[in-house]
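Feature annotations, reproduced from TrEMBL:
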type	residues	note
COMPBIAS	86-104	compositional bias 'Basic and acidic residues'
DOMAIN	138-247	domain 'MurNAc-LAA'
REGION	84-104	region 'Disordered'
Amino acid sequence: MAWLRLTKTALYLMKSGDACYIDKVELSGEKRNQVRIPRNWFTGSDAPGAMVIEDIEPPACRIASNPPTIPTPRPLLGKKIVLDPGHGEDRDPGAKNAEGRTEAGESLKQAKLVQGFLQARGATVTLIDNALNLSLEEIGARGAGADCFVALHLNSFNAAVQGHEVLIDRNGTDVDFRFATIVNQELDQVLNIPNRGVKRQGLAVLRAVPLPVPAILTESFFIDASSGTQVDDLILKSAQAIARGIERFLIA
């Protein structure tokens, strides 16, 4: 049985089981990308008058100069959120670790991350400036008219205890408790540290938030038991979790 061999210069009718060819058709001229197979290369009544093999590269896909944009989901559009990064670097740095990294400084980083995540989802986010030396009552009062209020803190004890927890005021409402539970669930999903749960505690800043604004205080981890890149990792992951928890609560 004969067979065909196509090269860049010619199409060969090859002899079966041999390296020799029987006949060939040169590829030349303007139609170098085409070759016509002679009728006498075929036998039988079904032989075509001619067969054309085209060696043509497919055209490149054309990319639109102005491709359509996919709108970013903004489920929190119209929602107002107040964030209070705990303490204040100058007047009250709060807890600190062995490297000198402070609760105030790291909570501010966390708050700015949460703010960015929520703004990207359409929310209006107010970040309280603790450099203003506001009292806890004044800070809480700034939650008036918001859809929720979140104070962000980091815990401290004896440099050995670790974990996350979310607090509500001792007289917090059922809505406060539900809000805290959702945020704590999100923290538990991403932080590989013990879950210390949702707790009630007498907290002046939360007590000053006007009802019916839901108000919670997060303690994302123990800063005195954390160091180096672990702090950075915990800050980023907890900020993402808090933002997700806020969104879950507000759109439920």
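Glycine is no exception: its Cβ is also placed from the backbone N, Cα and C atoms.
Residue counts for the region 'Disordered' (84-104) under DSSP, split into helix (H, G, I), strand (E, B) and coil, are 2 helix, 6 strand, 13 coil. Under DSSP, the residues of the domain 'MurNAc-LAA' (138-247) split into helix, strand and coil as follows: 48 helix, 29 strand, 33 coil.
Taken as a whole, the domain 'MurNAc-LAA' (138-247) shows an average pLDDT of 97 in this prediction.
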